[in-house]
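Undergrad: Next up is a structure, given as structure tokens.
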Amino acid sequence: MNVSASCLFNGSSLASEVHAAAVNGDKSALQKLIAGNSELKDKEDQFGRTPLMYCVLADRLDCAEALLKAGADVNRADRSQRTALHLAAQKGNYRFMKLLLARKGNWMQKDLEDMTPLHLATRHKSPKCLALLLKHMAPGEVDTQDRNKQTALHWSAYYNNPEHVKLLIKHDSNIGIPDIEGKIPLHWAANNKDPSAIHTVKCILEAAPTESLLNWQDYEGRTPLHFAVADGNVAVVDVLTSYEGCNVTSYDNLFRTPLHWAALLGHAQIVHLLLERNKFGTIPSDSQGATPLHYAAQSNFAETVEVFLKHPSVKDDSDLEGRTSFMWAAGKGSDDVIRTMLNLKLDIDINMTDKYAGTALHAAALSGHVNTVKLLLEHNAQVDALDVMKHTPLFRACEMGHKDVIQTLIKGGARVDLVDQDGHSPLHWAALGGNADVCQILIENKINPNVQDYAGRTPLQCAAYGGYINCMVVLLENNADPNIQDKEGRTALHWLCNNGYLDAIKLLLGFDAFPNHMENSEERYTPLDYALLGEHHEVIQFLLEHGALSIAAIQDIAAFKIQAIYKGYKVRKAFQERKNLLMKHEQLRKDAAVRGLGAPGVSIGSEPLEVTPE
């Protein structure tokens, strides 16, 4: 068995001697086998392939003729519902196709993908096989569709075969049939990176150069021009836009035009072409208010941005959030674009703000682009610009933990002592993000580790809220007070117990955190109460071992002490009353004694007073 036969038989455990004879071109052996058992002529292997199909695959025409003469079924289908004619069309074997069609091969038969031999014949550069099939067709059969509702014309356009396109159009193939995605053949012709695709495009347009065909939108709103731009095919874009009816500002379902696509992909030459052929003169924006310039800027396509800025119709308009393309570039770290824009637009306002009062420096700091931050500061960007939340660029960098950006901003004069609209300092934001290194940098720059926001919360409480133990270590080692209560009476320990962060709780108690602070609410919950509510059993056990009390226990202790005090008070009161009575009695005795000494006949003693007669 030769190499090709081995390939065909690979995995075909049910392939038999008759298949081997067919694939090897052993006509005499094949005839002998069939003569001995006529059923072998259509014997199937495990994939349902017959000896006739093996003849097609191995290009054994004489063996195929012998099989057909012996009565082999020309329209027998394999497991994928493909016949020998499908295989011949797929291989572009004109001789086999001619033989099979002469023996009543059914070109209309569909495989599992609903593809006919006509669909498969479009993939080869030679149109001979396609022309042969067309001769056997009745009028109207040329536009039979596969499972994706694609005709042979769709496939010819996809394979960039202009001769096939001409042939099909000559046989009245409909150029306006949409497939399952709403694409017509012109979409598929334009969706090709090969510059030679212009010939296929021209063949279709010459048949019907209508405005509706040029601007046909698929089910996602994309025109043929969108696809040509996406593939960066300058030649096809040039051909399409050369037609008067071509709409270069057509929106897809995402409200993006071909110019948006060209900008996003950095096709500078296509951008120039589209700008020049934009008869409306205005630059469209998408559903977010973003212009093509925004997309070129964020992708750092400096050459494309330069093409935009040099065109008289282009301005750096803001999107719906008030952000210019310059801000987009800063947010993406597109330094080449920023330099280009600063060089070309001498009047650019580097401190321009969006609707939230954020600047380009805010955007760069938030995204962590340290080189962009340096570049903006070199061009006098305001280092402590405040947005609507009173955040400076430093706040945003601290929130995201961008150390290099933070150090660059501080070196550039950024103040660390500012607070935002809620009283949060940069240290609060660093702690909320669990950025221990950032906390260390800020503390080294003299920020108070116990600074409180307007709710009384410290950075330590912010770190405790997220259980950021590394951040807590930095703060505690720099004298953060674990016993500071916010305006609701909560401490860092309350937040840790609420979320069950046992290791962080151990750390805090190791720094002398008092375990029994009560909040200021009506319930007066302690950290232990928070752990009980959250059912954090390990935390509960640990707290109890370290003297923690619930509010109920505290109230019981308080009640016992109050009762003890009250009982003591009653005893002391009774004793005092008796003491007072005794003292009063004693005083009366003393008073009586004094009176007795000054009046004769009166004796003083414990007995009743008596008057003695003279």
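Cβ from N, Cα, C; glycine included.
Since this is a predicted model, take the numbers as computed values, not measurements.
For reference, TrEMBL lists these features for the protein:
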- 47-79: repeat 'ANK' (REPEAT)
- 80-112: repeat 'ANK' (REPEAT)
- 148-180: repeat 'ANK' (REPEAT)
- 220-240: repeat 'ANK' (REPEAT)
- 254-278: repeat 'ANK' (REPEAT)
- 288-320: repeat 'ANK' (REPEAT)
- 356-388: repeat 'ANK' (REPEAT)
- 389-421: repeat 'ANK' (REPEAT)
- 422-454: repeat 'ANK' (REPEAT)
- 455-487: repeat 'ANK' (REPEAT)
- 488-520: repeat 'ANK' (REPEAT)
- 523-548: repeat 'ANK' (REPEAT)
Undergrad: Kindly state the mean pLDDT of the repeat 'ANK' (455-487) in the predicted structure.
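TA: Value for the repeat 'ANK' (455-487), mean pLDDT as a whole number: 97.
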Undergrad: Can you tell me how the residues of the repeat 'ANK' (220-240) break down into helix, strand and coil by DSSP?
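TA: Per DSSP, the residues of the repeat 'ANK' (220-240) fall into 14 helix, 0 strand, 7 coil.
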Undergrad: In the same chain, who gets a Cβ under 8 Å from the repeat 'ANK' (488-520) while lying at least 6 residues past its ends?
TA: 455-456, 458, 460-461, 463-465, 467, 469, 472-473, 476, 482, 526-528, 530-531, 533-534, 536, 538-539, 542-543, 546-549, 551, 554
